[in-house]
Every structure is written in C-alpha cells, then in structure tokens.
Amino acid sequence: MARSTWIAAVVVIVAIAVTAGAALAIGILLLSTKREHRSPQVAAAVRGSGSTAQKGAMDAWRADFERTHPGLRVTYDATGSGDGIRDFVSGRSVFAGSDVPMNPQEQAAADQRCGGRAMHLPMVIGPIALAYNLPTVPDLKLSPTTLTGIFSGRITRWNAPELAADNPGSRLPDTAIRVFHRSDDSGTTHNFLSYLKAAGRWPHQPSRRWSGATGEGVVSSSGMAQAVAHSQDSIGYVEYGFASSARLEMAKIRNAAGQFVPLTPESASKALKGARSAGRADDLVVRLDYLTEVPGAYPLILVTYEIVCANRKDPVVLTFLNYTASDAGQSYLPLYGYAALPDDLLAKVRGRLGART
C-alpha cells in the first residue's frame with residue numbers, strides 16, 4: 001500500500017470513530033435530559049371530593065402543594081357537598097369538602113366508617129354573591145325580604161315596588177326576572193336558604209336541595225355563573241370567585257344594621273365576628289350569625305369544611321391540610337375570591353391538626 005493511501009485510510013477510520021463517539025455522547029446526553037425532565041414518581045396519592053364552592057381554592061392549593069411536596073399527589077373532584085359526603089362515608093375518598101355540616105344520620109355513618117369520630121375542619125370562607133345580568137342597573141341593592149320575594153316567585157318583574165324601594169332613583173326595567181337556582185345537592189343552596197330563612201322569612205326549611213317553586217335549575221357553581229352570564233334579566237346565587245371570574249355584576253345586600261354592603265373578601269370576613277362554635281366539643285362546626293350588626297359586614301357567606309377521620313389521619317391528608325391551614329395556604333384565598341379564616345378560628349384548626357406553621 002502506498003504511503004499516501006495508508007494515511008488516507010487512517011484519517012477515514014479516525015473520522016468514523018470520532019463521529020460514532022459524538023453520536024454516542026449526544027445519545028447519552030439526550031437520554032439524561034429526558035430522565036431529568038421526567039415527572040417525579042408519585043409515592044403516595046389521596047382523593048377528596050365534594051364542594052364545588054371551594055374548587056378554586058383546591059386547585060391553587062393542590063398545585064402549590066405538589067410543587068413543594070414532590071411525590072405526593074392530592075386529587076379533588078368538585079361534585080357537590082352531598083356527593084362528597086357520600087364518597088367519604090362509602091370509603092371512596094379520604095376527605096370530603098362540604099359547605100354545610102353533616103346531618104345526624106350522615107355523622108353517624110361517617111363515624112362508623114372512621115371507626116371513631118369524623119370531624120369538621122373549617123378551611124375556606126366563601127362569600128355568596130347575588131350575581132345578576134341587568135345592563136341598565138350597575139348598582140343593584142337587595143334587602144333580604146326582596147330576595148325572598150324574588151326566589152319564591154312572589155316578585156316577578158325588575159320594576160316591582162319592592163325593588164324600587166331598595167333602589168330609589170335607579171331606572172329599573174319593566175322586564176321579567178329570570179331566576180336560576182342549583183339543581184344538584186348543593187351546600188351553597190343550603191347556606192343561601194339558611195340566610196333567607198333567618199333574615200328574609202323564607203317559608204321552607206333549608207336543605208341542600210332547592211325547596212322553592214320557581215326558577216330554572218343549573219348544576220355546579222360554574223354552571224350557575226355561566227347561566228347568569230348568558231341570560232339577560234337574570235339573577236342567581238354563586239360564590240364570589242365564580243361571579244368575579246365571569247365578570248358578573250353583584251348586588252349589594254342589606255345587613256341587619258341597615259347597610260347595603262358590597263361583597264368583598266374583607267366585608268365577608270367581618271360577618272364571621274358574630275359566629276360561634278356549635279356541635280360537639282371536639283368538632284369545629286361554626287354557627288353563622290346571618291343577623292350580624294357588625295358595621296360593614298356582608299351577611300351572606302358560607303364556610304367550607306374538610307371532613308376527615310379524627311383518629312385515623314392519613315399522613316398525606318394530614319400533611320396537605322397542615323399546608324392549607326398554614327400562612328402560605330391561607331394567603332392564596334383572597335387571590336381566588338375567598339376570605340381567609342380569622343386568626344382565632346385558624347388557631348383552633350391548627351390545634352386539631354397539630355399543625356406547624
């Protein structure tokens with residue numbers, strides 16, 4: 001072989017080797033990169049279900065919790081308070097979200113499921129908005145008795161004398177009122193009817209099922225917000241966060257002090273100043289005072305509870321609820337249309353959880 005030919009062959013062999021080595025290195029790098037970007041393995045997962053009112057809070061909490069607790073996953077199905085309690089009692093979930101405390105039959109079934117006590121932990125304050133779609137009236141005011149008249153079907157037109165008395169000087173249209181209510185098993189409905197019963201002489205016993213004889217039924221909080229948004233001359237009750245996200249007008253409600261108060265997280269928090277504990281000593285059920293005379297208090301609120309077994313606390317659920325009751329967890333609530341728990345109530349929740357903040 002000529003010297004020049006031999007040198008050329010060596011050059012070719014070296015080039016092939018270098019190319020192969022580079023390809024191998026690139027392959028290793030790509031594999032490494034793929035592994036680095038792979039989702040972390042889930043070591044433990046738990047499921048909760050229930051209240052649609054707290055869905056916004058739960059979505060924010062779960063995202064931040066899973067970011068700060070790699071390997072732990074919490075799922076939450078916003079199916080309504082009644083379904084959440086049924087899931088918990090049947091063992092399909094390890095915690096339930098409910099906007100109303102369990103009734104005695106549900107409590108007994110939950111206690112049996114837990115092999116001990118099932119307890120309520122208040123975690124979210126959800127102001128209930130009276131959302132309406134009335135383009136000519138940007139500042140609607142409603143008294144409790146007027147609300148009862150609208151949702152009972154006694155008041156059927158926007159320019160009725162009762163509405164005119166609540167809104168002097170406003171140009172109320174001579175149009176029919178289109179009323180929306182929840183058709184599913186809803187804690188929001190229970191709280192709304194409890195308010196009307198206490199403040200507006202609602203004629204029926206409050207329950208999670210709509211007890212009025214008028215209106216059109218819709219499913220879920222998001223369904224309520226969308227129904228009002230797409231229906232002129234309509235009104236419905238829905239949590240503040242959903243109404244705000246849908247850019248709906250919200251009525252000012254007259255409280256027992258005679259003030260027409262706009263809905264804000266701050267005005268809703270003031271309504272809890274008249275609340276007190278109810279139920280068993282080891283539980284944290286809150287009895288709301290719908291007739292509070294605290295200045296500037298918006299009286300129509302709900303409290304969402306996380307229902308868990310007191311004596312069999314799943315470690316993942318305990319870690320998650322410790323997070324939701326922490327300063328970091330509570331700080332998310334005003335960002336999504338909720339009000340944070342007042343300090344005295346939050347201290348009791350942390351005490352039940354053994355929380356560290």
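Even glycines carry a Cβ here, placed using N, Cα and C.
Note: TrEMBL annotation is automatic and uncurated.
As given in TrEMBL:
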TRANSMEM  6-31  transmembrane segment
DOMAIN    39-327  domain 'PBP'
BINDING   Ser51, Thr52, Ala53, Ser81, Asp99, Ser186, Gly187, Thr188  phosphate binding site
Cα-Cα distance maximum in Å, computed over every pair in Ser51, Thr52, Ala53, Ser81, Asp99, Ser186, Gly187, Thr188 that the record assigns to phosphate: 9
Have a look around Gly187 (phosphate binding site) and count the other CB atoms within 10 A of its CB, chains all included. 29
What's the number of neighbouring CB atoms sitting within 10 A of the CB on Thr188 (phosphate binding site)? 29
Around the Cβ of Ser186 (phosphate binding site), other Cβ atoms within 10 Å, all chains included, total 29
Count of other CB atoms lying within 10 Å of the CB belonging to Ser81 (phosphate binding site): 33
Out of these binding-site residues, Ser51, Thr52, which one has the fewest other C-beta atoms within 10 Å of its own C-beta? Thr52
Would you identify the secondary structure of Ser186 (phosphate binding site) according to DSSP, in three states? coil
Going by DSSP, is Ser81 (phosphate binding site) sitting in a helix, a strand, or coil? helix
Across the domain 'PBP' (39-327) the predicted model averages a pLDDT of 93
Quick one: which residues besides Ser51, Thr52, Ala53, Ser81, Asp99, Ser186, Gly187, Thr188 have a Cβ within 8 Å of the phosphate site's Cβ centroid, in sequence order? Gly50, Gln54, Gly80, Gly97, Ser98, Val100, Thr189, His190, Asn191, Ser221, Leu302, Thr304
All-chain count of other Cβ atoms within 10 Å of Ala53 (phosphate binding site): 33
